[in-house]
Structures are given as C-alpha cells and as structure tokens.
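Undergrad: Take a look at the following structure, please.
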Amino acid sequence: MRSPQTSEKTHTMAKTLQNITDLTLQQLTGRLAEMKEPAWRAKQIHEWLFSHRAESFEEMTTLSKALRKALEETFAITPPEVEQHDNSTEGACPGPTEKLLLRLPDGAMIETVLIPGPGRLTACLSSQAGCALQCSFCATGSLGFKRNLTPGEITGQANALNSMLAASGREQKITNIVFMGMGEPLLNTLNVFDAVETLSTRGYTSSISQRKITISTVGIIPEIAKLATSGMKTKLAVSLHSAFQEKRESLMPLAARRYPLDELQPVLAHYAKNTGEPVTLVYMLLEGVNDTLEDARQLIRFASRFFCKINLIDYNSIVNIPFQSVCSETRDRFRDRLLEAGLQVTLRKSYGTSIHAACGQLAAKGMEHSNKS
C-alpha cells in the first residue's frame, strides 16, 4: 500500500493529468501520434501498464528517459489503493473467495471479488461507485449513486487482483470476468466497453477472451440493443427475479418500471438472434416472494420465446433487508419445473457470504472512511 504522501501527490496529479490507463490501445496510439511517437510505442506502454502493472513511468525501462519524462508531464498513473483484503473458504469451493476494498484517487470506495471455480478463476468487477437503482434485495443500492467508474478504474480492479495473486506467489491467472460487482454496467456503457477492449487485448499476459467476459444488467433496453450490434463477443446476463411485471416492480422498482417486461422480452430475443448467443436470465429465489410453481410457469412463458439459459441463485443474507432464501426442496421443485419445460437451468452456488462478497452483498465496507486523506 502506498504512503499517504504518495496518495496525496497522486490525487493532486490526477486533477490535472489524464489517467493513462483510461485509454484503449487505439486511443493511446492516437495520443502518442500527437507526440510524434510511432504506433508500436502504444502497445509497448500498454504492456507495461497491463502485463507488468507498472505504477510509474520510471518503471518502463524499455522507454527512453526523454519519453518517460514526456509521458510523466502528460499523463498520470493512478491505480486504486487496497484498503482491505478479506478471504473466505467455504464448502466445496476449490479455493478462497477473496474481496478487495479499493480506494480511488478521489476517495470513492469500491469492491472487487475473486471467485475460484473448477478450472477457472473469475474476477467480479464493479462499474460504478454505488448504484442508483435501489433494488430491494441488494446492499449496493442502499449506498446511493456516487459516480461512474472510468475505464482505468475498471481495469485497475483486475490489475489489483492480479497483483494480489502475484504477491502471494500463486501462478494462477484470471480466466473469466463478470461485471456483477457494484453498479449497473449498462448505465456506464462507454467506459465498460473501453475497459472490455483493454482487458481483452491480445498479447498481454493478463488478457481475457471477450467470450469469457459477462456483462450483467437489470435490463437497460437501449443499451442492450447497442450491445447486440456492437460486434463485441461478451456474454449478457439479465437480472430478472420475476416474470410477473408487478412482482418485478416490487423487487426492482426503478428498473422494472422504466423497462417493463413486455418491452424487455423482444429486445432480449433480438440480442440472442443477432449474436447467436443465449441470454442468461438470473433468478434469485426468495422465500414466499417468487418461489411458487406459478412463478415458475410464468418464467417458462417469458423464457420460451428466445434463446436463453437460466441461472437460479440463492438469496444472500443482508443486514436490514428482510428476505429469506428458499429451502432446498422448494429450489429443486422450481428447477425441475423449468427443466420439464425444456429450459436450460443451472443452480449457482454463491461463495464469499461470510465476507459479504456474494451476489447482492457488496456495499464497500469501510465506506464510512471514504473521506480519509
């Protein structure tokens, strides 16, 4: 962790200089052309930033001193600072679930999570500080919306997780990314798209195929339409939680009213048809709320009209939020009804509940210290 003096200096620089990690390779190439530098320099610098995770231009020893000085006068490098590192090993999980509380240069706090699985290591990234959507089962919504994250603040989370792995001597590599952390990715679409472009750039030791990156949304219809024609190869997950409009409004009041199911369904069908990829419908089972066979039948009616798969997930307990998870018998009965209808269904196990790292639990623990200098 950097010293307070370093943090203060970095924050001051960030006020006047652009964070170079906010730039995609193409954007950096354009900026360097203005500095009369060849295009290949951009790839060289990006490799320092995202393969070697350099935190200063002085570390970029393959660049001339003159260029390093010019870069230092033009750009800043402002990685997030790790405020807290929690880990938890649970049940059949093949390794520890780890959560980092990160401080951004302006003092905003976010969380990112590393989730192990059989043959994979998934990074759960945040796209916003806080969230404006106020979903009733989600801790992040209780924070309110602070601001969108920049592309560099998004990729910086992956860098922080990779640095954590390297510091512990592990040779593991992040294999998958899910935008299921704090915030709504499709209310920060351009920055998320730029971050995906950087994270998936071939040739970096940390690069990840876009096919292994999932963007999760509450169902922002115009942005899903953009994603369908963007040419990106990412996967799409939609937080559904009920196929009854009125019930969905009670769970997700802002998103469900603004983007009703009868308008969302055809857009998801268009996405699936245009991309050839299934939409993942995420359905959190809540005891006595959305767990009946009638709920299952309504979900079948909604999901049978387009190429999709369904992830059933358990509710993860959150302080002051009065929902309960369903028992295994209820969950299995619900799943079996979907399977009988010919739908593809997966029961997703959540890990990291004891450290508040599971779905819906991210609330930037330590947010009360976000004004610390």
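Cβ from N, Cα, C; glycine included.
Given the structure is predicted, the values throughout are model-derived calculations rather than measurements.
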Undergrad: Would you identify which residue of SER163, SER206, SER207, SER216 Swiss-Prot lists as part of the S-adenosyl-L-methionine site it also attributes to GLY183, GLU184, SER239, LEU240, HIS241, ASN316?
TA: SER216
Undergrad: Return the average pLDDT for the domain 'Radical SAM core' (117-356) as a whole number.
TA: 93
Undergrad: For CYS138 ([4Fe-4S] cluster binding site) and CYS124 (disulfide bond), what Cα-Cα distance in Å is obtained after rounding to a whole number?
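TA: Each residue's Cα considered, CYS138 ([4Fe-4S] cluster binding site) and CYS124 (disulfide bond) end up 16 Å apart.
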Undergrad: When you measure from the Cβ of SER239 (S-adenosyl-L-methionine binding site), how many other Cβ atoms are you left with inside 10 Å?
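TA: Taking all protein chains shown, SER239 (S-adenosyl-L-methionine binding site) has 26 Cβ neighbours within 10 Å.
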Undergrad: Among the binding-site residues listed here, CYS135, CYS138, whose Cβ has the fewest other Cβ atoms inside 10 Å?
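TA: Output over binding-site residues CYS135, CYS138: least Cβ neighbours within 10 Å is CYS135.
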